[in-house]
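Participant: Annotation source TrEMBL lists active site, cysteine persulfide intermediate at CYS120. The feature Mo-bis(molybdopterin guanine dinucleotide) binding site is assigned by TrEMBL to PHE259, ALA260, ARG261, GLY262, GLU263, ARG264. Marked as region 'Disordered' by TrEMBL: 1-21.
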Amino acid sequence: MSCALDELPGLADAPTTSGTVSRYREGDWSTALDELAEEVPVALEYNGVSHAVMMATPADLEQFALGFSLSEGIIPSVADFYGAEVQPGAAGVTVHIEIGAAAFAGLKERRRNMAGRTGCGLCGVDSLAQVFRPLPRLAASRVPSAAAIRAALLSAKALQPMNGVTGAIHAALWCGADGLPRMAFEDVGRHNALDKLIGGLARSQLALDGGFALITSRASVEMVQKAALCGIGVLVAMSAPTGLAVRVARQCGMTLVAFARGERFTVYTSQSEYTE
């Protein structure tokens, strides 16, 4: 038995929604109001051509479009990004993106028509040969001080309002050398959150020297590749890295820190010694 599309509930236009739930705890039932994270299909169109469909949080989609374009190598620089128009619809959100002619010509050579899960790591990859993209050799970056990482972690929770009420949202933050966050973005997809941060950084033109990106998820190879391709030299993850992510980070000269929780963290790769 199938469920026709017109029988399904409508898509949300807000990043969270609330509903009544029944909770069981230690032998007792109660009724409560619960907040849920929303996700919607987001179609990315480049110069009028459908390119990818992602599941994402319906917020900060212009930054997402720019960051995705940069981190996936669709455009070489923000100068090739002419603008993005967000158009909500009954079946999802379409982001109409305009890019330069040369970038669009390169894009058309890449075979791509993908419906993604919540966030997508290897977007548009249709062969194993495309998994590992050429990455720049990053400038040497120091490991953030323990005080800076501690400050970032202490500040992160307050900058995740959607996750605070849903418990289902990832975040990516840009922190200065002092650890204080300069900007933060949330999304149900960890890759999407990082893309939004990359887009926000590109728009703000913040200097990346001395700062670091903090992600609330694990550090997988796709996250390392996205960050490196956009010049982020220091990536701090709250969860674990994968072995492949560590090897790729080492090859491109990225400082990779993981298991950043409370008063502890682990340095996996660095071009300089840790001198707290």
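Every residue, even glycine, has its Cβ placed from backbone N, Cα and C.
TrEMBL does not curate its annotations; it predicts them automatically.
Mind running through what each feature is packed against?
Facilitator: In the three-state DSSP assignment, the secondary structure recorded for PHE259 (Mo-bis(molybdopterin guanine dinucleotide) binding site) is strand.
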Participant: Same chain only, sequence gap of 6 or more: which residues have a CB within under 8 Å of the CB of ALA260 (Mo-bis(molybdopterin guanine dinucleotide) binding site)?
Facilitator: ILE149, ALA152, LEU153, LEU214, VAL236, ALA237, MET238
Participant: Please report the number of other Cβ atoms within 10 Å of the Cβ of PHE259 (Mo-bis(molybdopterin guanine dinucleotide) binding site).
Facilitator: 17
